[in-house]
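Working notes for the structure below.
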Amino acid sequence: MTAKQIIFDEAARRKLQAGVDALANTVKVTLGPRGRNVVLDKKFGAPAVANDGVTIAREIELEDPFENMGAQLVKEVATKTNDVAGDGTTTSTVLAQAIVKEGLKNVTGGANPMILKRGIEKAVQVAVEELRKQAIPVETNKAIAEVAAISANNDREIGELVAKAMDTVGKDGVITVEESKTLHTELETVEGMQFDRGYVSAYMVTDTEKMEAVLNEPYILITDKKISAVQDLLPILEKVVQRGKPLLIIAEDVEGEALATLVVNKLRGTLQVAAVKAPGFGDRRKAMLEDIAILTGGEVVSEELGRKLENATIEMLGQARQVRIEKEKTTIIDGAGSSEAIKNRVAAIKRQIEETTSDFDREKLQERLAKLAGGVAVIKVGAATEVELKEKKLRIEDALNATRAAVEEGIVAGGGVALLQTQKAIDELIKTLEGDEKVGAQIVRRAVEEPLRCIVENGGLEGSVVVEKVRTLPVGHGFDAMKEEYVDMVAAGIIDPVKVTRSALQNAASIAALILTTEALVTEKPEKKENNPAPNMDMM
């Protein structure tokens with residue numbers, strides 16, 4: 001076992017803070033309408049240009065192992081906020097930095113970190129409740145377009161596209177982002193279906209960076225059987241290999257020898273194959289497999305229907321233009337099923353919805369209907385260069401996530417204003433607290449003004465002056481950093497989803513409180529490199 005080095009108390013916390021600052025200072029230059037870009041060096045190909053907090057955070061690895069721990073903890077804040085809300089990663093990083101900075105001052109001054117943590121948690125809870133009170137529901141297309149445009153760094157064109165996509169497939173529809181072969185960014189609606197089952201083995205992925213498997217024009221084998229013996233699969237595998245196309249297997253399960261054979265063939269490049277478990281359970285699983293079969297123009301290979309897997313023919317397999325498989329979901333795009341058969345199936349499901357008395361069944365039937373009839377909207381991103389394309393694609397993904405979050409929990413004034421305006425609620429809480437708990441709440445009160453301060457400073461103005469002025473304005477009014485004037489934020493279209501703002505604050509406080517309560521850091525001791533002395537010339 002390698003030797004470890006340990007540091008304690010103040011020294012440990014200072015190292016963590018240095019790591020937090022290194023990461024946060026890099027990320028926060030991108031915040032706001034006048035935020036700058038960060039260029040990331042790639043080992044292969046051109047450098048990447050990013051304006052997105054989590055993308056930048058993921059690239060940062062510090063040399064000092066203790067400082068690196070601090071940076072990795074804040075990276076966790078950005079990643080967690082991105083996972084939950086899909087946006088707000090820069091805001092959460094800025095908040096975490098502010099809470100750590102203020103908190104460490106107090107811990108150094110003798111405050112008890114555990115009680116500080118309690119105060120921080122209480123203040124965050126009050127702030128989140130206040131954000132929910134300020135929330136305005138998002139219903140119109142105009143509101144959706146504004147949310148999307150802001151998240152895409154004030155790009156109106158992207159805002160319109162996302163709003164149009166949501167309008168086409170509905171708020172629960174599936175929207176994916178692909179790279180276009182042209183210079184233009186456009187919207188395409190594709191008949192498609194998504195279900196919540198991912199690949200059976202991670203060895204099946206085709207894109208290791210995104211951890212997803214993409215099969216173009218695959219055959220699709222649909223069966224309700226558990227496949228473990230490779231003998232059952234061999235006949236159909238041989239037929240597919242002869243055709244030279246990828247294969248997607250949807251089965252109750254694929255395991256043992258059969259799974260090993262598929263993985264080995266995939267890794268050797270003999271056959272591009274992916275397997276997913278069938279969605280749903282019991283009778284609903286049979287119905288969903290039937291839906292997939294109708295959508296792709298295939299048949300369900302089931303012994304109940306007198307079809308054995310070892311006798312399966314190519315004609316029984318479904319087909320689609322593309323299948324995308326992630327860890328927990330699969331999307332079938334442009335199935336080859338006949339539109340007549342799909343129409344009949346949709347009509348049958350609608351009849352079942354009318355006849356059913358159970359709310360649960362109705363909900364599940366409506367889900368199936370949306371999957372069959374709703375389709376998938378594809379935003380095809382076009383740009384002049386590869387670097388611009390990647391940057392634009394990231395912004396569109398951000399905009400999509402922000403918009404979904406806005407539809408879910410509503411919106412509040414953007415530009416860091418809603419957070420600042422939770423201060424009144426926090427002040428009320430502070431009056432009821434005492435000692436270090438009160439100090440903890442005051443730390444959060446100070447931290448919630450940091451995003452606004454940062455946006456203003458990125459615009460080249462004095463943060464403190466603007467923060468003081470916004471404090472005196474009515475709720476929902478704040479500072480437009482683009483035009484440099486005080487406005488009604490919602491009317492001016494400067495808005496943030498509640499879910500994004502709330503997640504940013506909750507995740508930042510959670511990690512920052514961990515850093516404040518840290519008393520020791522343990523890391524591996526770097527091995528000393530031995531210098532081999534050059535041979536003496538006399539020895540030659």
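Including glycine, each Cβ sits where the backbone N, Cα and C put it.
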Record says T30, L31, G32, P33, D87, G88, T89, T90, T91, D496 bind ATP. Source is Swiss-Prot. Which of G192, G198, G410, G415 does it list for that same site? G415
Secondary structure of D496 (ATP binding site) (DSSP, helix/strand/coil): strand
Neighbouring CB atoms within 10 angstroms of the CB of D496 (ATP binding site), all protein chains considered, total 31
Could you tally the C-beta atoms, other than its own, that fall within 10 angstroms of the C-beta of G32 (ATP binding site)? 25
Starting from the Cβ of D87 (ATP binding site), draw a 10 Å sphere and report how many other Cβ atoms land inside it. 33
How many other Cβ atoms are found within 10 Å of the Cβ atom of T91 (ATP binding site), counting all protein chains shown? 29
